[in-house]
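Participant: Feature list, courtesy of TrEMBL:
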- A:D456, A:D462, A:E465, A:E466: Mg(2+) binding site (BINDING)
- A:39-153: domain 'TRNA-binding' (DOMAIN)
- A:403-478: domain 'B5' (DOMAIN)
- A:710-802: domain 'FDX-ACB' (DOMAIN)
Amino acid sequence: MKFSLSWLKDHLETDATATQIAAKLTAIGLELEGMTNPAEGLAGFRVARVLTAEKHPDADKLQVLRVDAGPDANGGDPLTVVCGAPNARAGMTGVLGLPGAVVPATGMEMRKTAIRGVESSGMMCSSRELDLGDDHDGIVELPDDVPVGMAYADYALLDDPVFDVSITPNRPDCMGVHGIARDLAAAGLGRLKPIAPPVIAPTHPPATGIRIEAAEGCSAVLGRTIRGVCNGSSPGWMQARLISAGQRPISALVDITNYVMLTYGRPSHVYDLATLSGELVVRPARQGETVLALNDREYVLEDGMLVIADDHGVHDIAGIMGGARSGCTEATSDVFLEVALFDPVRVAQTGRALNLVSDARSRFERGLDPLFLPIALDILTGMIVQICGGEASEAIFVGQTPEEGRTISFDPGLVVSLGGLAIPVDEQEAILDRLEFVVTRSGARWTVGVPGWRPDIDGAPDLVEEIIRIAGLDRIPSVPLPRLEGVARPTATPLQRQERKVRRAAAARGNCEAVTWSFLPPALAQAFATQPLWVLANPISEDMKAMRPSLLPGLLAAAQRNLARGARSVRLFEIGRRYLRADDGTSAERLTLGLVLAGDRTLRNWQTGKAVMFDAFDAKAEALALLDAAGAPTANLQVMEEAGEQFHPGRSATLRLGPKNVLARFGAIHPRTAQQFDLAGPVMAVELFIDAIPAAKAGKGFARAAFAPPALQAVLRDFAFLVSEDTAAGDLVRAVRAADKQHIVEARVFDQFSGAGVPDGQKSLAVEVTLQPQGASFTDNDLTAISDSIVAAASKLGAVLRG
Amino acid sequence: MALPFGSTLLDSGLSLPILDKEPMADTDQIRTDALARIASAASAEALDRVRVAFLGKQGEISLLLKTLGRMDAAERQRAGPLLNGLRTEVADAIAARKEVIDSAAMDRQLANEAIDLSLPVLPEAVGCVHPVSQVMDELAEIFADLGFLVASGPEIEDDWHNFTALNMPESHPARAMHDTFYFPDQDAQGRDMLLRTHTSPVQIRAMVADGAPVRIIAPGRTYRSDSDATHTPMFHQVEGLVIDRDIHMGHLKWTLETFLKAFFERDDIVLRLRPSYFPFTEPSAEVDVGFSFQNGRRVIGGSGDTAGHGWLEVLGSGMVNRRVIDACDLDPDEWQGFAFGCGIDRLAMLKYGMSDLRSFFDGDLRWLRHYGFAALDVPTLAGGVGSRAGAAA
């Protein structure tokens, strides 16, 4: 919302400076977004008279003008200006931009230049070049009596500071200058000048009627016809103000409705009566009905949207934008003026559905004062008759008579108990009074009448806000939040603590944490999907459309970008959610760690020689270490298949606790998947399903079990087995361990070999077994017995002890 | 090294004529000879040969000692200490010489083992923690001290939790301001599914699940369909909520001041509360913090009204709207409190000096290493929740 200081002063009697006003606006919740003076942008443009105009010697469409720009320009001597405007002629008065001036519409600085051999010392400007209107057919023509040499900004009343204020969606009243003046007056910056609507003397009955066929969308319409108007340009002062508000002057009738909207926050509409066919009707739109709106765009309307139409079709999208068909032109002589009360929700829905933003919509959807309808009609009528001439008809009113204003029961003690600010009751009452609330004090509780322009006030806390915002939030003293009783307890949940440990562990192991988008290109998301994806209806782009079903796609893409930038070793991880579906239609968001290893694990170096690429065991090492950090029972995990089709089928696995609970998957990414991400060379990945890790049992104390190291030294024994090529080492180790659970405390593969000495189709696995004597040292017989049982257990897998 | 003193094995009845005469002269000669040969022994082997020659079984001194047994008591009393002293002296000299030789040998060996330690160590990967995670940990730490639990909720929300319960019914103009991402889906209750536009729905979930009193912060991802130089469609917010019996705006102000002072580790934090509007709070205030420009960067601190300073909007806040409390099945006449919401990415940028929000989500290793944090740089109240420049990974 933009408005100028002089405009504000029409409504606020004040001595405050623009700077003081600016500070106060922000302090009371009308956030100042900027303050400018348009005159600054028009420096260098002045009123000038064309003395002579002759055809350019070398160009058909150009003229060479001699221009008087006043005593200060060119030492008072006339300037030579080349001009292409058809209306440039000797004797006319216009606006000259001197060298050095910046053209507002283009931001270009003007220079003395030769145009087809004739040096031009300035430019006669059109209103569009000055950013003051749409007219580009010719240069600006000013009345002959304007003093030559005067700064154009002074002449056009543009030397007037302009405030740009952001109005919150709860304040329809401050969508007009008068409401802003009221707030400033309440905050002690002056006195609000009351509204004095003109008295209209109707001369005839209205020439057309209007009816409402959609009472739920439109509760009242007030209108009248005015005949015999002359729709020329609006007066300069009005144009200046509209320009300050960022509006382009169009014609007197349109400008007047805009001016009243900006002054009182009240939109209205003027129809050219000649274009109407039959009575106007406020009705629901019919599916597929179209309207060409005043912004020159055609809108296809849907069932339920509200329109104002006549026998021939739609004229106006109710509360949002008028139609081109009944717009006023220079030829307009009789008009129908309409002020209506539309349902805010309906306007908001329609506006959103049509993606159509307008000044009217932003006011209607905030909710307008039903009591202001007749006042607005008279103000508009008065201005039209005054500026455009004509005679007003009697008013017609259809719809419901507005209800009495609402009242709120208010305990002034709430200002301190909720607002935290002790304000004397008299000051509270004075503030409400200046905001034109009607306070009736009856003992401790007050009855407060709410003005019609404040639909946002619906309870006592709103009144607290009104009082403290006008009094000043800076007056609220800080009060320490009471400490909770007892000593500190963990404030993070077990899952959050797990997440933090895993994050720090991953970083400590040399991995960098990334945060990637939650949304992915659908094709990449689909490649990792196990169930229907969550896909946005209104994504910002196709690449950000599907919610990630895995953390790996985002990381693979990031790894690719890093490699493309020249990174040689990429270790990226992320902890976040993957988005699945729950049975009840809500989301199942699973806390997950993704990790990608790409490029070299070890750069070439003088100690070990060549660079070494990452392999699947690097992924396994990360998976186990991070599961361990998360508190998972890593010793009990099984390595199983089915990491997913995104992984290399022979070089990937899952880590499971029991056959069903998958805690992690890891391994080499499938070359086809890598290709999808433009990744060349082996890429490893880990996905850790943090939420699948069983939580530590609650209620466990802090004390550990007593330390009881074994009294007797453990014994190491090595076994080398021949097994078939496809026997998993893990299975062999598990079998060995199970051979004598009492004495075998550890079994570890320390060698794998195939080749010379090992039959085809077989491999040799060497296992180091740690035997722990319990009560007494092992005898030779004991050790032989254990060895035999190990060999026997292994033989069940087809393993044969090597001789 | 000393040989056993005396010997019961020696025959006490015998004596050697050679000793009867001039044992002193002999022992002096042996000593001189032995010491000279010890001193000239150049290796452990040469020294051992000297030892054998004098102290070995058939060594000169050993043989002399064997004669003691054959001496009479008087002789033995005279010659015993003499011979034993000689043996000890020679043995000690050998030991001393051995140490010199060994030490020289070790020095030579060590000199041979010298390596060029200016060579680099094996390259090790250095990991780091993302600034967003670090700042979330900092927030949790600061608010833990004030008794706030860390809560969370879904990012794919329904419109009841994201809007309706927060006093933004269908077609509330504020809904349009939220640039919401919608899904075509509805949940089993027929609610439209969307990406949460703020962390405020966690307020609702916390109150519905646990009732009152409540003291939580809820950090997490949020989404708005907005993308330009300073906005990304995904960003991070932290929500704060306190519901109790006598909580008012003074508590809100103190909490925000305390939080920002702790976060920026500065006592000169000045806040400016500006009246504003949020459907879920009443009264509502936006919170600006004073800053100055130093070396072209915003530095938080000081009043925004002093020369060279300005105000920067960092928070939205207010007293929880009665309708919100009511929507959570709590009695608004009994319970009241405040809520606030704040952009985490923005806090991180202000504290640690990043200039571009978009690079937060690119996964560029160079950026992550530059702005990231060392794994063990865990924010604690005792150690300071911030990580000073130069200490970062």
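Note: Cβ is positioned from N, Cα and C throughout, glycine not excepted.
Any TrEMBL annotation is an automated prediction that lacks curation.
Looking at the shown structure, can you explain where the listed features end up?
Facilitator: According to DSSP, A:D462 (Mg(2+) binding site) sits within a helical segment.
Summarised as a single figure, the pLDDT of the domain 'TRNA-binding' (A:39-153) averages 87.
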Participant: Can you tell me how the residues of the domain 'B5' (A:403-478) break down into helix, strand and coil by DSSP?
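Facilitator: Residue counts in helix, strand and coil order: 29 helix, 14 strand, 33 coil.
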Participant: Sequence gap of 6 or more, Cβ distance under 8 Å: name the residues on the same chain that satisfy this around A:D462 (Mg(2+) binding site), in order along the sequence.
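Facilitator: Long-range Cβ contacts: A:I408, A:D456.
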Participant: Given a separation of at least six residues and a C-beta threshold under 8 Å, show me what packs close to A:E466 (Mg(2+) binding site) in the same chain.
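Facilitator: Non-local contacts for A:E466 (Mg(2+) binding site): A:I431, A:L432, A:L435, A:F437, A:I457.
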Participant: Counting other Cβ atoms within 10 Å, pick out the least crowded of the binding-site residues A:D456, A:E465.
Facilitator: A:D456
Participant: With DSSP as the yardstick, break the domain 'TRNA-binding' (A:39-153) down into helix, strand and coil residue counts.
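Facilitator: Across the domain 'TRNA-binding' (A:39-153), DSSP assigns the residues as follows: 9 helix, 39 strand, 67 coil.
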Participant: For a three-state summary based on DSSP, what are the helix, strand and coil counts in the domain 'FDX-ACB' (A:710-802)?
Facilitator: 27 helix, 32 strand, 34 coil
